[in-house]
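Notes for the one structure printed next.
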Ligand SMILES: Nc1ncnc2c1ncn2[C@@H]1O[C@H](COP(=O)(O)OP(=O)(O)OP(=O)(O)O)[C@@H](O)[C@H]1O
């Protein structure tokens, strides 16, 4: 049951903790929870013996109650089902609605008339030659005890087992619903407690208290304790009234993720004995709206719902682990359907009848839909909110509750049409499948989740601390890094080992281009695309050459250590077989450095429009890194080499915006204390990069990649646009004079690059080439290669984003479960995920923007 009529936050509270008193402290609520001082000594049980099934159920249980359950709250239940160990969860049981037909004896006026309903067998009847079959058919001579044994006894055992249960009485006015559920009013009086007229509710409570007593004695070693609290309400003309405090009218139904559906401000009172319950029943029933109709002198004009929440706690003798169970029993006496013609209702009665019929028709409609869903498996909208009744009782209708429907009928010919209607309703109700689960939480589970929450809190604090430390050049990176660690932590905590989905980076799928988005991007960074295209007239052609010869020029960018010794980053490693490509994956251990292969790039003629990397780094650290291995190189264009189809190899994976942030923050440090956010850095970088590219585009320069043959001439240093890689041209030596040696601070490996074989991946170079010698094919290949690089990165980022979203949803579920320790960490953890999401979004945005720019470039080249 979805916490219907339960005060907020009461479901998983532990009122019995530290309480040896049989009368625990009432929950905090506007509703009253009156303790009873009565002894929990059940009166003699007039009802029949325990069912064998229940005895078996008890015997099997480790604690006296059946297997461990998910929570009654669907969200909590889901989380438990998904995250906790097998033995802590019992599966949901699909249970059909139990339908019992009860035929009342003919009343005086009907005695002379014809009886049209005949019971055929224990579960079937016939009416006007038509046969109907249900779970049970109770003839007019069936006693209240018979009905208790059919319906009430299972309710008690289910309740003790931790299942929610509901009993609905449905039928036309005067058919015996009230009689069945409550019994005649005088049967509730103390002197008549053993009367055979007693209604179902009284009998259930008698049995319940007897069983509770029995179980507590039997499992005293496990400190088994029970606690019951009750509420009583009516829905009259679509308004809810508290029958235990009728001054509280027009109560509102609320729903939240923690408590499910409940009635705000509804009185709840603790009950420890039959006497307590009787008192409440008498009080509530006397406050019910009744009225005389031609069929029933005391007709109920409202739906009334009596609810009892039973909570239990026990401790396993073996391991000392406590378990908490919560179950709920609803007794629902529906107002009777009536035909105005038949009842002769007028005035207020007529208005009531209209409301009653409307409400019952909405219930019928809901039952039809639920029956259809159960039979066909089709997903449909279930209109629970059509009426107060269905909204309030939604958990009983197709949800987490075992439902029994007692359909009362009259045998009289005059009621034929109504009886048919009731039987058809009963048939449809029979088709509904509920999913009742045992509502139990183990202390171990609570402990585990508390630990996870604490870890997440700590992680969030660390992230925040790092994120706020703008002056620290490492801040951005470490924040990003911690975000990854958080994901790992989550992955670990939630016991969901998973890796980022593999993305084929070299895939050739076309990416969708949003021209408008490109324009927006330009606008955002303060440029108009037209400005860019009309910027300059110089013609230069750059080519990325893949060299497999000696003298490979490689840069190993130390992306992860942009601190004070950042200049040491980009230290030597043998390019071959080194970390030429960095897989962007979540690893359990933090990586202290990311080493990226960058190719030596030689400048063409030193165009004023092309900014050397070292200048750009010194003058404007925010720009995209354009590096040169030799800032002093003469501006001689190298003869183009024959082009080979470019391979976007592993080095392309070095396009990482996480490094951008790092690099930018390094620059930030050099620039002084002024705090610039990573987003601003990114925007500035894009601005600068686009400007450069735009100028080149305006000059109708062609960029393309080629594979440089092994025997190619040493290239002259040129510029290379390498997104997100911090370069340190000052560390470069002119090729041929000194071996190029770079050492990463972290790995401290020193490798002489000279004369070593080059990994293909490290040899991408951007060099000026003669346009005339470039083939059309090559022209197209250049942007395509870049496109692939960017597309791959974008896909990877998208995958990461998707992963983050999944993790976020898991955290959300975890947050919902956080009711267990009443921690207010929901927002914190959500913020954490937002933070994670933002990091990834920045990267994704940057890559996407660059990809768009290159796409435009390609178009332009193709056109030219
Ligand atoms: N099984 C029964 N045995 C004896 N009397 C019965 C039985 N069922 C109903 N009655 C009597 O029939 C009358 C109408 O019953 P009841 O008030 O329970 O009908 P109802 O379905 O609740 O009607 P309404 O919907 O108008 O409230 C009552 O006087 C009740 O005592």
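Placement of Cβ uses the backbone N, Cα and C atoms for every residue, glycine included.
From a predicted model like this one, the values you see are computed outputs, not experimental measurements.
Between the listed ranges 614-633, 634-653, 654-673, TrEMBL ties the annotation region 'Disordered' to 634-653.
TrEMBL lists coiled coil at one of the ranges 383-410, 411-438, 439-466, namely 439-466. It is 755-778, from the ranges 731-754, 755-778, 779-802, 803-826, that TrEMBL records as region 'Disordered'. With a cut-off of 6 Å between Cβ and the nearest atom of ligand 1, the binding-site residues 172, 176, 178 reduce to 176, 178.
When Cβ atoms from all protein chains are considered, those within 10 Å of residue 172 (ATP binding site) total 26, not counting its own. For residue 171 (ATP binding site), the same-chain residues lying six or more positions away in sequence with a CB closer than 8 A to its CB are 177, 334, 336, 337, 407, 408, 409, 422. For the recorded ATP site, residues 171, 172, 173, 174, 175, 176, 177, 178 set the reference point as the centre of their Cβ atoms, and the other residues of that chain within 8 Å of it by Cβ are 104, 169, 179, 296, 336, 408, 410.
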